Amino acid sequence: MVVSRSLSFHLHPKSSIPLIPQNTRSSSHFTTTTVTNPSSSTTITTKLTGKQLSFLPKRFSSKSLTPMASSHSTSTPIFDEFKPDPTLTNDDLKPTTPDQRTFSGWEMASLWIGLVVGVPTYYLAGSLVDLGMAWWQGIVTVVAANIILLVPLVLTGHPGTRYGIPFPVLARSSFGIKGAHVPTMLRALVGCGWYGIESWIGGEAIFILLPKSLKQSSLSNVLPWLGTSPLEFTCFLAFWVVQLAIVWKGIDGIRELEKYSAPILIILTSCLLVWAYVNAGGFGYMLSMTSRLSSSEFWSLFFPSLTANISFWAPLAINIPDFTRYAKSQTDQIIGQSGLPIFMAAFTFVGLAVTSSTKPIFGRVISNPIQLLEQIGGFTTLILAIVGISLATLTTNIAANVVAPANTLVNLSPSLFTFRRGALLTALLGIAFQPWRLLQSSERFVYTWLVGYSALLGPIGGIILADYYLIQRTNLSVKDLYSLSPYGAYCYNGGYNVPAITALIVGILPVLPGLSQKVGILSQIPDVLVIIYNNAWFFSFFSAGFLYWTLSYLIGQQKKSLPQDPPLLPSAT
């Protein structure tokens, strides 16, 4: 029998599921059916079970399935159009429609401007100089890290734009329908921690506006059990509440915030740079700053710093499909994301230039921009400071640290969580992370927080990219991503893909001793484990990705050696 090549059932290549279920092979209850390809005159007559019919693509409508001879012939359609399992989807998880694709290249770039311009980025650049690097070494480290990160960003963004699916749904293809909860929850925990950090920074902006008499009162005394003062904690909660008003509007509110905030942030950042240049008499002091590190000391600092800078945006590199699913085209998402290394280089220069200028202006280096704006003084300056810092914090925090955890909770239980409920729980967990403790020192922020969580996120990124490009070859069955059927392509073993879970664990374990040493659990570890920790993202990303690809290949080969069931349609002859 000759079958037209234009007739395709899109059965997933990874699935080795029998086309005729074991418990029905001996049954004589088959329906003899004529399947007509709508795009040609090709007609195939074959015997299909009811379960097999349910796997036919949507383009084969019930009208094209004409019963030829069956003991169960009725006038009703043989099967209904595919509908997603209600436990796996809601309005926040289903693929975006064409009218929802509103992000242009500029709006994607605006997203990155809003993300980059913020206190943590400013603080990160200053931290490298504070640790001994020269100004140009700090900039090179930041730019190199973001150029490297741009590759997984664009690659991971591709399925979001192509299929309109968010990160939790994409994770189902590699980790399994149920196994996807593991990587998404790890990403959510990191997002909650960052949400707390950004909210704390926003609270500090409110704190500088308070009267001096109030800031010098007993309310400013640190409570040992809390780790901060009641007054600072209250400012933190105030900013925490303000953010929820924007989050409550969902993705459209976030898009509008990023779009209109970008030019304002550029103007305010430029004003700060001009102020530093004029009052310091140029950037001569910054340009004269040299490294305090020897050659060996620099390289021992460079690689963990590179890892820390990659880790800075590694969380968003994983869940970037949450945003690229709204892009108008692949060109728009690529152009928009290409702005990341450019914007990071520009803002890093601003942070280093302004920080170094504080030495000739005030006689001491002030690396915290909030403290600097407070030191400048003046009512107008303070107002601009609170507007700039609050806007920068809001744009970064809401886009980078709310969307992923909220979507994760929606994916965990679509019937219980909506985007709003997920965002609210994210905000509550952000408080539990006690961000004021994470920001106590540059070393704790860079080498404990940033490098530490990269061990969790690196394997996830490596596994997802290996699966999408090397295993799936960019071809996903969207229907099966929303199906709990045991015959679905992503059911694997009870909903879990064992190779992916195994690779994730193997990618994380070697980094844990280094993290334990940083937090004080272990006093000493072998040098090889120190090297692994200092390169945590690189090690976990590539080792987990390669292991997953290898295990998937071996299991695939094993499946090929098993007895195969007869195909749904006869092979072309």
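Glycine residues also receive a Cβ, built from the backbone N, Cα and C atoms like all the rest.
Residues or ranges marked as region 'Disordered' by TrEMBL: 20-43, 63-96. According to TrEMBL, the compositional bias 'Low complexity' annotation covers 24-43. The compositional bias 'Polar residues' feature in TrEMBL is assigned to 63-77. Here TrEMBL flags 109-129, 135-155, 188-210, 230-248, 260-278, 298-318, 339-362, 382-410, 422-439, 445-470, 490-512, 532-551 as transmembrane segment.
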Range from 230-248, 339-362, 422-439 with the greatest count of C-beta pairs under 8 A to the transmembrane segment (188-210): 422-439
Same-chain residues at least 6 beyond the ends of the transmembrane segment (339-362) whose Cβ lies under 8 Å from its Cβ atoms: 108-109, 112-113, 116-117, 121-126, 129, 135, 138-139, 142-143, 146-147, 149-150, 153, 269, 272-273, 276-277, 279-281, 283, 285-286, 289, 313, 369, 372, 375
For the transmembrane segment (260-278), sequence-distant contacts whose Cβ falls under 8 Å of one of its Cβ atoms, 6 or more beyond its ends: 109-110, 113-114, 117, 347, 350, 353-354, 357-358, 361, 376, 384, 387-388, 391-392, 394-395
Cβ-Cβ under 8 Å with the transmembrane segment (109-129): same-chain residues at least 6 beyond its ends: 103, 135, 137-139, 141-142, 197-198, 201, 257-259, 261-262, 265-266, 269, 289, 305, 308-309, 312-313, 316, 323, 335-337, 339-340, 343-344, 347-348, 350-352, 355-356, 367-370, 389, 392-393, 395-396, 399-400, 442, 445-446
The transmembrane segment (230-248) versus listed stretches 135-155, 298-318, 422-439, 445-470: most Cβ pairs under 8 Å: 422-439
Of 135-155, 422-439, 445-470, 490-512, whichever stretch has the most CB pairs under 8 A to the transmembrane segment (298-318): 445-470
